[in-house]
């Protein structure tokens with residue numbers, strides 16, 4: 001009797017637990033379903049009443065169209081290549097200075113614009129506003145480009161600016177002379193039409209971004225600090241408009257970078273006594289180091305998807321996915337681990353999941369019959385926003401797990417702070433408004449840059465730093481970035497000029513509207 005009662009009690013307990021578990025699952029499902037049907041974090045200021053401004057129309061006539069394309073082609077033809085911190089094409093940089101003065105005479109002659117050359121080749125412009133109470137902002141771009149050789153497989157010489165099927169080919173067309181020329185061309189047209197800003201702004205054009213910006217950007221920052229400048233926000237290169245790139249997304253997405261991954265370059269080395277190859281030891285310096293490198297590749301950094309700003313990207317895009325992806329994207333609180341596992345299968349999406357580890361250099365040996373005394377490898381890591389540089393170094397040390405392997409930090413810094421992107425974020429909402437006014441079919445979302453930009457040097461001057469230009473990327477275009485056949489369509493370059501033309505004017509409002517108030521639609 002007692003045994004039977006015990007069994008009944010156990011069965012009753014199992015039923016209660018099972019029923020409770022079923023209720024919990026059902027509650028989760030109902031909550032997730034309701035969220036899927038109602039979730040749209042993009043609603044924000046879309047129904048808000050924006051301050052009325054008398055913006056100058058961005059009409060571009062045929063003469064101006066030919067002019068802006070000619071100026072842009074001239075910029076691409078100048079090989080402003082940065083190879084290392086000490087190897088810059090200074091002749092080309094001086095030539096580029098002359099081009100800017102020739103292409104934008106009004107910018108350089110206007111009483112409204114103050115200009116100075118910084119560190120010999122970088123440029124700083126200051127356009128004061130009429131309302132001194134409004135905090136200025138800053139637009140950034142960089143003049144230099146990475147090396148390019150036609151023999152690598154270019155369809156057109158990389159510094160020819162040749163047009164093929166409506167595209168201008170050349171190094172710098174998307175990194176980053178489209179912004180250099182687009183910003184100044186927009187300002188040139190505004191000044192010609194009598195524009196005088198209400199909110200002041202700076203333009204900073206660095207000359208060595210591709211080799212870390214230690215001369216250009218850092219010296220521009222020093223100049224601004226001496227002036228006591230603080231900025232409402234900074235807008236630099238970074239992310240773009242992605243069309244057909246994100247699987248399952250309906251329509252294009254404009255991703256505005258709100259942070260950058262951190263960086264670490266680590267040198268691993270092994271030292272042993274040299275010897276003759278006819279009497280090899282059980283382990284050579286190369287073998288020991290190869291084992292360490294293999295362990296790093298076989299044991300990637302922890303999966304951190306959903307713990308950084310990348311979660312906001314998918315939440316902003318969720319309403320543009322069809323079921324069942326819409327269900328998943330709308331409930332990142334529940335599905336982040338699952339989505340992270342899916343994304344880590346591809347190199348391009350794995351970069352958003354974790355700190356990436358890349359073995360980029362391996363050096364050892366001088367002769368085929370000599371055992372080398374020294375072997376060294378360089379590891380390049382891009383640090384996820386949820387990790388620190390120190391945490392990454394400790395993980396490398398524990399993964400290598402061999403005292404014979406010496407680890408040395410060559411260069412590194414923590415991930416950049418995450419800029420605001422809510423309904424009260426002035427910079428983000430102004431950029432978003434400018435994008436949607438020009439491209440109403442686009443969905444705007446925050447994103448994270450997996451590379452680094454000059455803007456990382458500006459963190460002391462601005463709390464909010466954004467990384468975006470409305471360059472359109474379609475499937476395969478991302479590989480052109482620092483790769484072969486870099487190009488931009490003539491139409492897209494004109495769109496960039498119009499974007500900056502409107503952005504500068506949109507920044508003249510004093511305050512953002514209150515969210516959800518009736519009135520103007522974005």
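Keep in mind that glycine also has a Cβ here, set from the backbone N, Cα and C atoms.
Computed from a predicted structure; not experimentally measured.
Pulled from TrEMBL:
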{"type": "BINDING", "residues": "142, 175, 236", "note": "Zn(2+) 2 binding site"}
{"type": "ACT_SITE", "residues": "144", "note": "active site"}
{"type": "BINDING", "residues": "175, 210, 482", "note": "Zn(2+) 1 binding site"}
{"type": "ACT_SITE", "residues": "209", "note": "active site, proton acceptor"}
{"type": "DOMAIN", "residues": "258-404", "note": "domain 'Peptidase M20 dimerisation'"}
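Comparing Cα positions, residue 142 (Zn(2+) 2 binding site) lies closest to 209 out of the recorded positions 209, 210, 482. In the shown protein chains, 29 other C-beta atoms lie within 10 A of the C-beta of residue 209 (active site, proton acceptor). The binding-site residues close to residue 144 (active site), defined as a CA atom within 10 A of its CA, are 175 out of 175, 236, 482. Cα of residue 236 (Zn(2+) 2 binding site) to Cα of the residue listed as 'active site, proton acceptor': a span of 11 Å.
Under 8 Å, Cβ to Cβ, and six or more positions away along its own chain, residue 210 (Zn(2+) 1 binding site) finds 82, 142, 144, 145, 146. The recorded positions under consideration are 144, 175, 236. Their Cβ neighbour counts within 10 Å are lowest for 175.
Rounded to a whole value, the Cα-Cα separation of residue 482 (Zn(2+) 1 binding site) and residue 175 (Zn(2+) 2 binding site) is 8 Å. Take the binding-site residues 142, 482: by the count of other Cβ atoms within 10 Å of each Cβ, the lowest one is 482. Per-residue confidence over the domain 'Peptidase M20 dimerisation' (258-404) averages 94 (mean pLDDT, predicted model).
Looking at residue 209 (active site, proton acceptor) and residue 175 (Zn(2+) 2 binding site), their Cα atoms lie 10 Å from each other. Cβ proximity to the Zn(2+) 1 site centre (mean Cβ of 175, 210, 482, cutoff 8 Å) flags the following additional same-chain residues: 145, 146, 176, 481.
Mapped onto DSSP helix, strand and coil, the domain 'Peptidase M20 dimerisation' (258-404) counts 58 helix, 37 strand, 52 coil.
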